[in-house]
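Annotated features in Swiss-Prot:
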type	residues	note
MOTIF	76-83	motif 'RX(4)HXY motif'
ACT_SITE	Arg76	active site
ACT_SITE	His81	active site
MOD_RES	Tyr83	O-di-AMP-tyrosine
Amino acid sequence: MPKRDIKAFLYDILEYMDDIINFTKNMEYEEFINNKAIKYAVVRCLEVIGEAVKKIPKDIREKYPHIPFKELAGMRDKLIHQYFGVDYLTVWETAKYEIPEIKKEFEKIIKDIEGKDENSL
């Protein structure tokens with residue numbers, strides 16, 4: 001399998017963040033907690049985001065220290081390894097309140113990287 005470049009991982013992160021935002025749009029916690037399909041979908045998206053974040057090189061993570069890379073990766077680890085103890089309130093709060101803001105930061109990273117690509121032509 002060919003090696004993926006950083007932009008591919010960043011676009012994966014954005015795609016799964018968009019999915020989370022769309023899955024939980026116009027939804028309250030009570031509806032979320034009672035909808036097994038949405039809960040599982042959001043958890044899976046967070047797992048993929050966390051895995052993709054681990055592929056972001058150290059120099060980029062250091063350039064954007066305000067982005068919670070470590071926390072996103074850590075959440076993935078907790079979700080993967082604590083399947084009987086998932087804290088759905090934390091999942092909900094992350095999905096509803098944190099992901100939309102963090103997504104903006106990842107969009108900035110992509111814009112910065114794509115700007116560098118254009119300047120190097």
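Cβ from N, Cα, C; glycine included.
Keep in mind that what you see is a predicted model, and the values were worked out from it rather than measured.
Long-range Cβ contacts of the motif 'RX(4)HXY motif' (76-83) within its own chain (Cβ-Cβ under 8 Å, at least 6 residues beyond either end) map to 43, 46-47, 49-51, 53-54, 91.
Taking the active-site residues Arg76, His81 in turn, the residue surrounded by the fewest other Cβ atoms inside 10 Å of its Cβ turns out to be His81. His81 (active site) falls within a helical segment according to DSSP. Confidence over the motif 'RX(4)HXY motif' (76-83), given as mean pLDDT on the 0 to 100 scale, stands at 81.
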